[in-house]
Amino acid sequence: MLMSLTDSKEGKNRSGVRMFKDDDFLIPASGESWDRLRLTCSQPFTRHQSFGLAFLRVRSSLDSLSDPVKDPSSPGSSGLNQNSSDKLESDPSPWLTNPSIRRTFFPDPQTSTKEISALKGMLKQLQPGPLGRAARMVLSAAHKAPPASVVSPNNSHGEPDSSHPERAEPRAEEPNRKNNASRGKRRKVQEQRRPLSSSSSQPNRRATGRTKQRQQRPQAKSDGSGVQATGQCPICTGSFSIEALPRHAATCGESSPPQPASPTSLSSSESVLRCLHVALTPVPLIPKPNWTEIVNKKLKFPPTLLRAIQEGQLGLVQQLLESGSDPSGAGPGGPLRNVEESEDRSWREALNLAIRLGHEVITDVLLANVKFDFRQIHEALLVAVDTNQPAVVRRLLARLEREKGRKVDTKSFSLAFFDSSIDGSRFAPGVTPLTLACQKDLYEIAQLLMDQGHTIARPHPVSCACLECSNARRYDLLKFSLSRINTYRGIASRAHLSLASEDAMLAAFQLSRELRRLARKEPEFKPQYIALESLCQDYGFELLGMCRNQSEVTAVLNDLGEDSETEPEAEGLGQAFEEGIPNLARLRLAVNYNQKQFVAHPICQQVLSSIWCGNLAGWRGSTTIWKLFVAFLIFLTMPFLCIGYWLAPKSRLGRLLKIPVLKFLLHSASYLWFLIFLLGESLVMETQLSTFKGRSQSVWETSLHMIWVTGFLWFECKEVWIEGLRSYLLDWWNFLDVVILSLYLASFALRLLLAGLAYMHCRDASDSSTCRYFTTAERSEWRTEDPQFLAEVLFAVTSMLSFTRLAYILPAHESLGTLQISIGKMIDDMIRFMFILMIILTAFLCGLNNIYVPYQETEKLGNFNETFQFLFWTMFGMEEHSVVDMPQFLVPEFVGRAMYGIFTIVMVIVLLNMLIAMITNSFQKIEDDADVEWKFARSKLYLSYFREGLTLPVPFNILPSPKAAFYLLRRIFRFICCGSSCCKAKKSDYPPIPTFTNPGARAGPGEGEHVSYRLRVIKALVQRYIETARREFEETRRKDLGNRLTELTKTVSRLQSEVASVQKTVAAGGALRPPDGASILSRYITRVRNSFQNLGPPAPDTPAELTMPGIVETEVSLEDSLDATGEAGTPASGESSSSSSAHVLVHREQEAEGAGDLPLGEDLETKGES
């Protein structure tokens, strides 16, 4: 029950009741006995409004229903308030007056032998067999409870009498002594397990101090207030102070079995599980750590710990952690109840520094001696992942699992979004260990985390209004947005796609489409989403490149994933191809998802080209002249070829015409014949002008092209049937076809309407004016809305669009296809430019028209239509500027000239040049990526001719073929004769696909085996990809190591020259300046050490300077020579120096070859300057 602070203090809103059922529990806990309850309360986050769970009372089915919550105004409670009025005045705690707290912690004694027996019977009914821990606790409390006659009225509420303060002290000391004894035994066992170097007497003294502190705490309070108020725990029957009693009751029985009770303790046996009461909001208590969080901060941070970790001094680190105090006397140690934020940050930095420097032994010591909380382990995991240390990651995960007794609650990593204590870390919001490992493509660590159950939760949609998203937005909007971006970076990484997806290629396609949509919905982060989309496309491209034979290529490109069958973009992928052509479902899905890199891959293009040519093996290698000759022959013989296929589709000629390239040439020849007929109609209109000038021409003379239009209409209807309406309308060429056909049909309908009107009006009265208008009237007598006017205009527009439709076949040629794509992009830019153009043009149109309307001095200004034409042609320099002159009206003339000049500057100089720049930019983008763009467009053209059917071109497709009649009769026969259930089994849309080397494999295994083979191929490709990525990573690191070694060689040579110059100066007896010389050497040594601090961790108990043999010797010898004023020091000779540098190179190269993952030591402090 959620209550505000005010409600919890005043005791309001306490009427909520919730009955638990079996469905409320998890499957493993369903039907089992339980002794504790974990309740999670949530509500929309409000920054300036506090909330919390005031009181929680859990009752079992055995509780008496006749024991309602007493009202504060009841007699019992009023008497209690009167007896404790003095105490409440001195310590006004709001929760102390609550009836639930009074009844729970100070109950009336009602125990007897019969009640105990009945209670034991009820416990047996609840849990057959051996009694559980909760049942034993209840029975222990009932056995130790005294009879009701022994307890005084004041003690019936669990509050000691003020006249007998000595009775409360033994009750408080007895359980404390026993608790301290048990803790001492446990500490002795732990001390025996510790190494000998870490043994000391500090822990014992610390334990003794804590015991004395607990024993003296009630006395100190009694000295201050005069009377010490104590209560007894109903679980362990121990006596504790009023302030410590709720805290103890919340944790009683968690770490140890119930302690023996004092004879004066009280208990209640009315219920089994009604004794758990928690106060969260009104009482500032330290929460007990639950199973999803580790909270145990005991040690005060020693100031010298960071320096000891930096220097790799393992012994000092162990001494600081085990003693709990600073040996230098900087500060006392010991346990701390409340750790400040600075302390928490210091412990984090210590663990992070040990991990970052690669000190695995020190890291183990920190993890063994300090109990870090979940947030600290979370940040340490991020550091271990960032420095690529799988061993440390494995230790941290094991630490979490050991502390919690189960696997890590991976959802807690996502909940770190609300943890403000990690805002000062070096990692961005929303970055989890798995996300960071995937972003860095650390496959080993990512696989390790996934094996532990870690996952990356996919972010909710942008418009999601759920409780989690609304709280995150209100908590921190920027942090929420950055968390989404970082999560998508992990999901779109190569490691996550490879390891977390069953079909990595399909997952990359779908994620790329999702990121493209997010780029449109969230323009603030469009560059980031576009970069991630490009990463997904590159991954699919690289994964396809892992194929090693044609069988793998066939399995990858010819299967549709199960998850994508419900996607809108997958509509139409079930269409069948011609016999002998694989379905290429995955390739078509890539085209629908706009995966240009994948489609333009050489493997995909090779497959498409081989299918495109079919059995014409010599077509690809033939010259352009030969191809043009074959195309011209097909153009001339197109009618005869179509008739031959119409009569015998299964003949050799029919199978030859089904080859995609010949089908393409056949359809292109048909469309060229259609355009020739359009040109012929235009020429006939010029030669027979007298006939077409009036209404003497017939409908059929002007509508011969309708034969092709009818064929086009039937062709488009079959395409909609095969592809689906949505997939059909997504193609802009199909949209253009719909417009062209609509205009042709409208023009033909208007001509039919005109002929029908003439027939109807002349049938009864042939001499009427209406009949004369529709038959013999001259063109000058026609009305503006005459149907023939509209028909001729529509036919003219449609003829123009029909010729532009010829650009559809241009992608078949490389140069023409690239130009066609560039023109399409330019048209897109011009459409967007027209919006700005119309806004500015309309603004100046209204201004100039309003100036010249009252004067009417010129024909081109003062009228809206004329002014628009004047301004439009002015943009192209086809108008005279003297049109705006009005000499007799000076002011309007000046304003008109000024506006016209500004219009010329804005439109001609600015906007037109901007349009030219936009068009040039679009053309350059296409030209830079011309190969990919052209191959993608050509692939779409190829796939459109792979489909089954649609072999006969227009207009021969409108003739009912014998093949169509045969198929129709076969379907009718099957429907009538084979209507049994055995014949209704649906054939798989994707049967086993034969390879190109084995065409007879169509009668292969079933669909399930084929799908499993496809998944095996995908897994093999992913494994090859991971191995290739690891080899490239090792090669890059090896090259980087070589560069570092080269830099080290140059630095050592410079250092030797400096040493030689110093030797000469000392030998000549010149004046030395030790600080300057020391700073020079320190600078060189610092550079060398910083360059090599990533090559491996230093040895334990060894300063960082001693990890470079050969260089430190020179430094030490030089320091000796500088200290001995006037005495010539003899450092290593040139031969020894060269050998030292060679030793450094060999030694470090061996270390680099043996080191697996080299940590980064960015925070290592140098000690060169002294």
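Backbone N, Cα and C atoms are what each Cβ position is placed from, and that goes for glycine too.
Per Swiss-Prot, the feature region 'Disordered' maps to 64-113 (among others).
The region 'Disordered' annotation in Swiss-Prot covers 142-231 (among others).
Residues or ranges marked as compositional bias 'Basic and acidic residues' in Swiss-Prot: 158-177.
Swiss-Prot lists 322-342 (among others) with the feature region 'Disordered'.
Under the heading repeat 'ANK 3', Swiss-Prot lists 377-405. Mean pLDDT of the predicted structure over the repeat 'ANK 3' (377-405): 84.
Sequence annotations record features per position, and here Swiss-Prot assigns topological domain 'Extracellular' to 649-658 (among others). A Cβ distance under 8 Å defines the sequence-distant neighbours of the topological domain 'Extracellular' (649-658), meaning residues of its chain 6+ beyond its ends; these are 578-579, 615, 641, 666, 951, 961-963.
Per Swiss-Prot, the feature topological domain 'Extracellular' maps to 723-737 (among others).
Among the features that Swiss-Prot reports, topological domain 'Extracellular' is placed at 810-832 (among others), with the record citing sequence analysis. Look at the topological domain 'Extracellular' (810-832): DSSP puts its residues at 22 helix, 0 strand, 1 coil.
Residues annotated as topological domain 'Extracellular' in Swiss-Prot, with sequence analysis given as evidence: 920-1170 (among others).
Per Swiss-Prot, region 'Disordered' is recorded for 1118-1170 (among others).
Sequence-distant neighbours of the topological domain 'Extracellular' (810-832) (same chain, 6+ residues past either end, Cβ-Cβ under 8 Å): 664, 915, 918-919, 922-923, 925-927, 930, 933-934, 937-938, 940-941. DSSP places the residues of the topological domain 'Extracellular' (649-658) in helix, strand and coil in these numbers: 6 helix, 0 strand, 4 coil.
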